Amino acid sequence: MTDYGEEQRNELEALESIYPDSFTVLSESPPSFTITVTSEAGENDETVQTTLKFTYSEKYPDEAPLYEIFSQENLEDNDVSDILKLLALQAEENLGMVMIFTLVTAVQEKLNEIVDQIKTRREEEKKQKEKEAEEAEKKLFHGTPVTIENFLSWKAKFDAELLEIKKKRMKEEEQAGKNKLSGKQLFETDHNLDTSDIQFLEDAGNNVEVDESLFQEMDDLELEDAEDDPDYNPVAPGSDSSD
């Protein structure tokens, strides 16, 4: 008859020796404990980690132990799901023998795979960003290739915008024409226009200034009388004399 208690005690002693820094006993009845598993460091020293909680069933190892993800760091939800599936598969394959070390080792390898996947995903994201930047630079310097389709699309848009500008300009000119008053309308709206010049002169009065320097040399001008001209003929055509 199998002594399950002894097998469980022997495994606990072995596990405590193998994982001295990450093995923690939670209870003795039923035996329950945690083991923290950490991946190897990635390219940028990033790691993923999970703490597995195990509880022995009464007939372990002929029955699978109870297990769960006690805590985790840097794992996505799908990673947690994958780890639980892995534990279920390994427990099924190892029934009848102590299996905690085997389960922990399988999870350790899975965490290392996840770190590698993170590295691959980051490299792909980097390549994608570089590709997008390169394509954006090509568009900047080379523009979009002209095809019949995109030219006709641009032409239709351009014509529509030009038509709107013409309509707007015609509307503004029409409105400006309506607001412009004729001379008659100006006199009709402002009755002071017909007397404004007269009023200006009346307001000026004696204040009109004359520049006398304009007339200083008038006396020096030699104005000849027409009768003093020896060639003057009073009966010549064009003269002012009358018969």
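Yeah, the Cβs are placed from backbone N, Cα and C, and that goes for glycine too.
Quick look at what TrEMBL annotates:
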DOMAIN    10-114  domain 'RWD'
COILED    108-180  coiled coil
COMPBIAS  209-231  compositional bias 'Acidic residues'
REGION    209-243  region 'Disordered'
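With DSSP classes pooled into helix, strand and coil, the tally for the domain 'RWD' (10-114) is 41 helix, 29 strand, 35 coil. Mean pLDDT for the coiled coil (108-180) in the predicted structure: 84.
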